[in-house]
Amino acid sequence: MEKPTRQTPFYTQHRAELLVLSSQIAAALLHALARVVEVGSGLKERVHPFTVLQIRLFITVLGCTAYLWRARIDFLGPTGLRPLLALRAAGGVFGACGFYLSISYLSLSEATVLNFIAPLGAIMLTTYWEGRTFAFLDLIACITALAGVVLVLQPIPIYKAVAQAEISSSISTDPYAHLKGVVSGITGVAGGIVAFSAMNRLGKNVQPAVTINYFGVSICIVTTAFSTIMPEVVWPTRIESWCLLAIIGILGLVMEYLLTAGLGSDDPRVTIMIYSQVLWALFLDWAIWRSHVNVLTVLGSMVVVASLAVPYLFRESSHPKEDMFSTRSGMDDIEEGQDEAHANYISLE
(Lines of atoms letter the chains of each structure in order from A; the text may use other names.)
(Lines give C-alpha, C1' and ligand atoms only; values in the text may rest on other atoms or scores of the structure.)
Protein backbone atom coordinates (compact mmCIF):
# COMPACT_ATOMS: atom_id res chain seq x y z
CA MET A 1 0.00 0.00 0.00
CA GLU A 2 1.44 3.36 -1.06
CA LYS A 3 2.33 5.63 1.82
CA PRO A 4 0.20 8.79 1.93
CA THR A 5 2.04 11.90 0.86
CA ARG A 6 1.71 15.41 2.18
CA GLN A 7 -0.47 16.25 -0.82
CA THR A 8 -3.05 13.62 0.15
CA PRO A 9 -6.31 15.31 1.18
CA PHE A 10 -7.07 15.05 4.89
CA TYR A 11 -10.36 13.19 4.32
CA THR A 12 -8.73 10.66 1.99
CA GLN A 13 -5.89 9.99 4.42
CA HIS A 14 -8.17 9.62 7.45
CA ARG A 15 -11.35 8.40 5.77
CA ALA A 16 -11.74 5.26 7.92
CA GLU A 17 -11.22 7.12 11.19
CA LEU A 18 -13.70 9.82 10.19
CA LEU A 19 -16.31 7.24 9.19
CA VAL A 20 -16.07 5.42 12.53
CA LEU A 21 -16.03 8.72 14.43
CA SER A 22 -19.19 9.76 12.56
CA SER A 23 -20.80 6.42 13.41
CA GLN A 24 -20.16 7.02 17.11
CA ILE A 25 -21.65 10.50 16.93
CA ALA A 26 -24.73 8.94 15.32
CA ALA A 27 -24.80 6.22 18.01
CA ALA A 28 -24.59 8.76 20.84
CA LEU A 29 -27.32 10.88 19.24
CA LEU A 30 -29.71 7.97 18.79
CA HIS A 31 -29.12 6.82 22.38
CA ALA A 32 -29.74 10.37 23.61
CA LEU A 33 -32.97 10.59 21.62
CA ALA A 34 -33.98 7.17 22.95
CA ARG A 35 -33.50 8.47 26.49
CA VAL A 36 -35.50 11.60 25.63
CA VAL A 37 -38.55 9.58 24.57
CA GLU A 38 -38.13 7.06 27.41
CA VAL A 39 -38.01 9.63 30.22
CA GLY A 40 -40.35 12.05 28.44
CA SER A 41 -37.95 15.00 28.42
CA GLY A 42 -40.02 17.88 27.02
CA LEU A 43 -42.67 15.47 25.75
CA LYS A 44 -46.21 14.78 26.94
CA GLU A 45 -45.80 11.01 26.96
CA ARG A 46 -43.19 8.40 27.69
CA VAL A 47 -42.33 5.56 25.36
CA HIS A 48 -41.35 2.18 26.79
CA PRO A 49 -37.77 1.06 25.99
CA PHE A 50 -39.09 -2.08 24.29
CA THR A 51 -41.18 0.04 21.94
CA VAL A 52 -38.13 2.17 21.12
CA LEU A 53 -36.14 -0.98 20.35
CA GLN A 54 -38.95 -2.47 18.30
CA ILE A 55 -39.27 0.51 15.97
CA ARG A 56 -35.54 1.21 15.78
CA LEU A 57 -34.59 -2.36 14.86
CA PHE A 58 -37.56 -2.74 12.50
CA ILE A 59 -36.14 0.09 10.38
CA THR A 60 -32.66 -1.46 10.57
CA VAL A 61 -34.02 -4.85 9.48
CA LEU A 62 -35.75 -3.26 6.50
CA GLY A 63 -32.48 -1.64 5.40
CA CYS A 64 -30.37 -4.79 5.89
CA THR A 65 -32.94 -7.00 4.19
CA ALA A 66 -33.03 -4.69 1.17
CA TYR A 67 -29.23 -4.84 0.96
CA LEU A 68 -29.10 -8.64 1.27
CA TRP A 69 -31.81 -9.06 -1.35
CA ARG A 70 -30.04 -6.74 -3.79
CA ALA A 71 -26.67 -8.42 -3.17
CA ARG A 72 -28.28 -11.88 -3.49
CA ILE A 73 -26.91 -13.02 -0.13
CA ASP A 74 -28.58 -15.84 1.82
CA PHE A 75 -30.66 -14.24 4.58
CA LEU A 76 -29.97 -17.13 6.98
CA GLY A 77 -26.20 -17.24 6.49
CA PRO A 78 -23.99 -20.36 6.15
CA THR A 79 -25.73 -23.49 7.44
CA GLY A 80 -22.97 -24.52 9.82
CA LEU A 81 -22.83 -21.09 11.45
CA ARG A 82 -26.54 -20.61 12.09
CA PRO A 83 -26.39 -21.84 15.72
CA LEU A 84 -23.71 -19.21 16.43
CA LEU A 85 -25.82 -16.59 14.67
CA ALA A 86 -28.77 -17.55 16.87
CA LEU A 87 -26.56 -17.33 19.97
CA ARG A 88 -25.34 -13.90 18.88
CA ALA A 89 -28.96 -12.81 18.42
CA ALA A 90 -29.99 -14.13 21.85
CA GLY A 91 -27.10 -12.38 23.57
CA GLY A 92 -27.85 -9.24 21.60
CA VAL A 93 -31.47 -9.24 22.77
CA PHE A 94 -30.41 -9.28 26.43
CA GLY A 95 -27.68 -6.74 25.72
CA ALA A 96 -29.92 -4.26 23.93
CA CYS A 97 -32.88 -4.64 26.30
CA GLY A 98 -30.62 -4.20 29.31
CA PHE A 99 -28.97 -1.10 27.88
CA TYR A 100 -32.19 0.59 26.77
CA LEU A 101 -33.80 -0.12 30.14
CA SER A 102 -30.75 1.26 31.96
CA ILE A 103 -30.89 4.66 30.22
CA SER A 104 -34.35 5.17 31.72
CA TYR A 105 -32.76 5.29 35.18
CA LEU A 106 -29.09 6.19 34.64
CA SER A 107 -27.49 9.09 32.83
CA LEU A 108 -26.48 8.45 29.24
CA SER A 109 -22.78 8.50 30.10
CA GLU A 110 -23.22 6.07 33.00
CA ALA A 111 -25.12 3.57 30.87
CA THR A 112 -22.63 3.93 28.00
CA VAL A 113 -19.55 3.39 30.17
CA LEU A 114 -21.14 0.39 31.89
CA ASN A 115 -22.01 -1.10 28.50
CA PHE A 116 -18.38 -0.83 27.36
CA ILE A 117 -17.36 -3.50 29.87
CA ALA A 118 -18.83 -6.19 27.61
CA PRO A 119 -15.85 -6.41 25.20
CA LEU A 120 -13.46 -7.18 28.06
CA GLY A 121 -15.82 -9.87 29.31
CA ALA A 122 -15.96 -11.29 25.80
CA ILE A 123 -12.16 -11.53 25.69
CA MET A 124 -12.23 -13.48 28.97
CA LEU A 125 -14.96 -15.83 27.72
CA THR A 126 -13.32 -16.54 24.36
CA THR A 127 -9.99 -17.10 26.09
CA TYR A 128 -11.67 -19.73 28.27
CA TRP A 129 -13.42 -21.33 25.27
CA GLU A 130 -10.17 -21.66 23.35
CA GLY A 131 -8.23 -22.98 26.35
CA ARG A 132 -5.67 -20.18 26.20
CA THR A 133 -3.90 -18.56 29.14
CA PHE A 134 -5.48 -15.30 30.20
CA ALA A 135 -2.93 -12.53 29.54
CA PHE A 136 -1.75 -10.51 32.51
CA LEU A 137 -2.40 -7.30 30.56
CA ASP A 138 -6.03 -8.31 30.01
CA LEU A 139 -6.44 -9.12 33.71
CA ILE A 140 -5.12 -5.68 34.67
CA ALA A 141 -7.41 -4.11 32.07
CA CYS A 142 -10.48 -5.86 33.52
CA ILE A 143 -9.68 -4.80 37.08
CA THR A 144 -8.96 -1.24 35.97
CA ALA A 145 -12.16 -1.07 33.93
CA LEU A 146 -14.25 -2.23 36.89
CA ALA A 147 -12.62 0.46 39.04
CA GLY A 148 -13.50 3.00 36.36
CA VAL A 149 -17.13 1.88 36.35
CA VAL A 150 -17.29 2.34 40.13
CA LEU A 151 -16.02 5.90 39.70
CA VAL A 152 -18.62 6.62 37.02
CA LEU A 153 -21.58 5.06 38.85
CA GLN A 154 -20.41 6.71 42.08
CA PRO A 155 -21.85 4.74 44.99
CA ILE A 156 -23.34 7.09 47.58
CA PRO A 157 -20.49 6.82 50.17
CA ILE A 158 -17.83 7.69 47.56
CA TYR A 159 -19.94 10.46 46.09
CA LYS A 160 -20.52 12.09 49.47
CA ALA A 161 -16.87 11.78 50.38
CA VAL A 162 -15.85 13.72 47.27
CA ALA A 163 -18.50 16.44 47.32
CA GLN A 164 -21.83 17.24 48.88
CA ALA A 165 -23.10 18.67 45.63
CA GLU A 166 -26.65 18.09 44.48
CA ILE A 167 -27.20 14.87 42.55
CA SER A 168 -27.36 15.42 38.80
CA SER A 169 -30.82 15.88 37.34
CA SER A 170 -30.09 13.19 34.76
CA ILE A 171 -29.75 10.56 37.50
CA SER A 172 -32.79 9.32 39.35
CA THR A 173 -32.89 10.55 42.95
CA ASP A 174 -34.71 7.35 43.90
CA PRO A 175 -32.03 4.86 45.05
CA TYR A 176 -34.22 1.92 44.03
CA ALA A 177 -34.67 3.34 40.55
CA HIS A 178 -30.92 3.86 40.29
CA LEU A 179 -30.41 0.26 41.40
CA LYS A 180 -32.81 -0.87 38.66
CA GLY A 181 -30.68 1.01 36.16
CA VAL A 182 -27.48 -0.63 37.38
CA VAL A 183 -29.04 -4.11 37.36
CA SER A 184 -30.44 -3.52 33.87
CA GLY A 185 -27.03 -2.32 32.72
CA ILE A 186 -25.30 -5.38 34.16
CA THR A 187 -27.86 -7.60 32.43
CA GLY A 188 -27.03 -5.80 29.21
CA VAL A 189 -23.31 -6.36 29.79
CA ALA A 190 -23.91 -10.10 30.32
CA GLY A 191 -25.88 -10.29 27.08
CA GLY A 192 -23.21 -8.27 25.30
CA ILE A 193 -20.49 -10.64 26.47
CA VAL A 194 -22.35 -13.58 24.92
CA ALA A 195 -23.04 -11.65 21.71
CA PHE A 196 -19.46 -10.43 21.30
CA SER A 197 -18.06 -13.88 22.05
CA ALA A 198 -20.31 -15.41 19.39
CA MET A 199 -19.18 -12.76 16.92
CA ASN A 200 -15.56 -13.58 17.74
CA ARG A 201 -16.23 -17.18 16.74
CA LEU A 202 -18.08 -16.11 13.60
CA GLY A 203 -15.21 -13.90 12.52
CA LYS A 204 -15.44 -12.68 8.93
CA ASN A 205 -17.24 -15.79 7.71
CA VAL A 206 -20.63 -14.07 7.79
CA GLN A 207 -21.77 -10.91 6.05
CA PRO A 208 -22.33 -8.24 8.76
CA ALA A 209 -25.82 -7.50 7.42
CA VAL A 210 -26.82 -11.13 8.07
CA THR A 211 -25.63 -10.87 11.68
CA ILE A 212 -27.48 -7.60 12.18
CA ASN A 213 -30.63 -9.08 10.65
CA TYR A 214 -30.61 -12.05 13.04
CA PHE A 215 -30.32 -9.64 15.94
CA GLY A 216 -32.90 -7.18 14.60
CA VAL A 217 -35.52 -9.80 13.81
CA SER A 218 -35.04 -11.37 17.26
CA ILE A 219 -35.55 -7.98 18.92
CA CYS A 220 -38.72 -7.37 16.92
CA ILE A 221 -40.11 -10.79 17.88
CA VAL A 222 -39.28 -10.43 21.58
CA THR A 223 -40.58 -6.86 21.91
CA THR A 224 -43.77 -7.76 20.05
CA ALA A 225 -44.29 -10.69 22.43
CA PHE A 226 -43.80 -8.41 25.44
CA SER A 227 -46.31 -5.94 24.03
CA THR A 228 -48.98 -8.64 24.29
CA ILE A 229 -48.35 -9.35 27.99
CA MET A 230 -47.20 -5.94 29.29
CA PRO A 231 -49.86 -3.21 29.12
CA GLU A 232 -47.24 -0.45 29.33
CA VAL A 233 -45.51 -1.60 26.12
CA VAL A 234 -47.69 0.28 23.64
CA TRP A 235 -47.08 2.42 20.60
CA PRO A 236 -46.96 6.19 21.14
CA THR A 237 -49.98 8.34 20.34
CA ARG A 238 -48.34 11.71 19.66
CA ILE A 239 -46.79 12.79 16.36
CA GLU A 240 -43.64 14.22 18.00
CA SER A 241 -42.89 10.84 19.58
CA TRP A 242 -43.26 9.09 16.23
CA CYS A 243 -40.97 11.64 14.56
CA LEU A 244 -38.27 11.06 17.18
CA LEU A 245 -38.62 7.29 16.86
CA ALA A 246 -38.28 7.55 13.08
CA ILE A 247 -35.12 9.63 13.51
CA ILE A 248 -33.78 7.04 15.97
CA GLY A 249 -34.38 4.27 13.43
CA ILE A 250 -32.72 6.19 10.60
CA LEU A 251 -29.74 7.10 12.80
CA GLY A 252 -29.37 3.43 13.70
CA LEU A 253 -29.21 2.45 10.04
CA VAL A 254 -26.75 5.26 9.26
CA MET A 255 -24.60 4.27 12.22
CA GLU A 256 -24.40 0.65 11.06
CA TYR A 257 -23.42 1.70 7.54
CA LEU A 258 -20.73 4.16 8.67
CA LEU A 259 -19.30 1.69 11.18
CA THR A 260 -19.12 -1.15 8.65
CA ALA A 261 -17.52 1.10 6.03
CA GLY A 262 -14.97 2.49 8.48
CA LEU A 263 -13.96 -0.83 10.01
CA GLY A 264 -12.77 -2.09 6.64
CA SER A 265 -9.40 -0.54 7.51
CA ASP A 266 -6.73 -2.41 9.49
CA ASP A 267 -5.50 0.78 11.17
CA PRO A 268 -5.82 0.33 14.99
CA ARG A 269 -6.71 4.02 15.30
CA VAL A 270 -10.01 3.20 13.62
CA THR A 271 -11.08 0.87 16.42
CA ILE A 272 -10.01 3.38 19.07
CA MET A 273 -12.50 5.86 17.57
CA ILE A 274 -15.29 3.60 18.86
CA TYR A 275 -14.47 4.66 22.42
CA SER A 276 -15.17 8.31 21.56
CA GLN A 277 -18.84 7.48 22.16
CA VAL A 278 -18.19 7.94 25.89
CA LEU A 279 -17.11 11.54 25.30
CA TRP A 280 -20.15 12.26 23.14
CA ALA A 281 -22.40 10.76 25.82
CA LEU A 282 -20.86 13.05 28.45
CA PHE A 283 -21.37 16.05 26.17
CA LEU A 284 -25.01 15.16 25.41
CA ASP A 285 -25.74 14.64 29.11
CA TRP A 286 -24.64 18.22 29.67
CA ALA A 287 -26.22 19.69 26.52
CA ILE A 288 -29.68 18.08 26.88
CA TRP A 289 -30.14 17.46 30.60
CA ARG A 290 -27.63 19.97 32.00
CA SER A 291 -26.03 17.21 34.03
CA HIS A 292 -23.28 18.16 36.45
CA VAL A 293 -20.23 16.31 35.13
CA ASN A 294 -17.90 15.97 38.13
CA VAL A 295 -14.27 14.93 38.29
CA LEU A 296 -15.06 11.32 39.24
CA THR A 297 -17.28 10.83 36.18
CA VAL A 298 -14.64 12.16 33.80
CA LEU A 299 -11.85 10.21 35.53
CA GLY A 300 -13.86 6.98 35.52
CA SER A 301 -14.72 7.37 31.83
CA MET A 302 -11.06 7.91 30.98
CA VAL A 303 -10.05 4.85 33.01
CA VAL A 304 -12.59 2.60 31.25
CA VAL A 305 -11.61 3.84 27.79
CA ALA A 306 -7.90 3.43 28.57
CA SER A 307 -8.42 -0.09 29.92
CA LEU A 308 -10.06 -1.04 26.62
CA ALA A 309 -7.77 0.83 24.25
CA VAL A 310 -4.31 0.24 25.73
CA PRO A 311 -4.30 -3.60 25.58
CA TYR A 312 -5.55 -3.47 21.99
CA LEU A 313 -2.87 -0.98 20.93
CA PHE A 314 -0.23 -2.99 22.78
CA ARG A 315 -1.12 -6.13 20.81
CA GLU A 316 -1.08 -4.24 17.52
CA SER A 317 2.36 -2.76 18.22
CA SER A 318 3.81 -6.03 19.56
CA HIS A 319 2.47 -8.23 16.73
CA PRO A 320 2.09 -6.06 13.63
CA LYS A 321 1.93 -9.04 11.30
CA GLU A 322 0.07 -11.45 13.52
CA ASP A 323 -3.58 -12.06 12.86
CA MET A 324 -5.22 -10.84 16.04
CA PHE A 325 -8.52 -11.82 14.50
CA SER A 326 -10.43 -13.10 17.48
CA THR A 327 -9.80 -9.94 19.51
CA ARG A 328 -10.38 -7.51 16.61
CA SER A 329 -13.66 -9.12 15.72
CA GLY A 330 -15.15 -8.43 19.14
CA MET A 331 -13.91 -4.85 19.22
CA ASP A 332 -15.01 -4.13 15.66
CA ASP A 333 -18.57 -5.23 16.37
CA ILE A 334 -19.15 -3.26 19.65
CA GLU A 335 -22.26 -0.65 18.27
CA GLU A 336 -23.91 -3.85 16.96
CA GLY A 337 -24.50 -5.09 20.75
CA GLN A 338 -25.85 -1.84 22.39
CA ASP A 339 -28.38 -1.14 20.83
CA GLU A 340 -26.63 -1.26 20.85
CA ALA A 341 -24.46 -1.86 22.04
CA HIS A 342 -23.20 -2.03 22.06
CA ALA A 343 -23.38 -2.51 21.92
CA ASN A 344 -22.92 -1.58 21.65
CA TYR A 345 -22.69 -2.05 20.95
CA ILE A 346 -22.83 -2.59 22.12
CA SER A 347 -21.03 -0.49 23.74
CA LEU A 348 -19.19 -1.37 23.68
CA GLU A 349 -22.07 -2.23 22.95
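The backbone N, Cα and C atoms fix where each Cβ goes, and this holds for glycine too.
Sequence annotations record features per position, and here Swiss-Prot assigns domain 'EamA' to 25-153 based on sequence analysis.
The feature transmembrane segment is assigned by Swiss-Prot to 49-69 (among others), with sequence analysis given as support.
Positions annotated as transmembrane segment by Swiss-Prot: 89-109 (among others).
If you look up Swiss-Prot, you'll see 111-131 (among others) marked as transmembrane segment.
The annotation transmembrane segment is assigned in Swiss-Prot to 133-153 (among others) on the grounds of sequence analysis. Listed by sequence, the residues of this chain that lie at least six past the ends of the transmembrane segment (133-153) yet keep a Cβ under 8 A from its Cβ atoms are 106, 109-110, 113-114, 116-117, 120-121, 123-124, 127, 182, 296-297, 299-304, 306-308, 310-311, 314.
The transmembrane segment annotation in Swiss-Prot covers 179-199 (among others), and the record cites sequence analysis as its basis.
What Swiss-Prot records for 215-235 (among others) is transmembrane segment.
Nonlocal intrachain contacts for the transmembrane segment (244-264), taken as residues 6+ away from its ends with a CB within less than 8 angstroms of a stretch CB, comprise 15-24, 26-27, 29-30, 33-34, 36-37, 43, 47, 51-52, 55-60, 63-64, 208, 212, 236, 270-271, 273, 332, 335-336, 339-340. Per Swiss-Prot, the feature transmembrane segment maps to 244-264 (among others); the stated evidence is sequence analysis.
The transmembrane segment annotation in Swiss-Prot covers 269-289 (among others) and is backed by sequence analysis.
Feature annotation from Swiss-Prot assigns transmembrane segment to 294-314 (among others).
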Maximum Cβ pairs under 8 Å to the transmembrane segment (215-235) - stretch from the list 49-69, 89-109, 111-131: 49-69
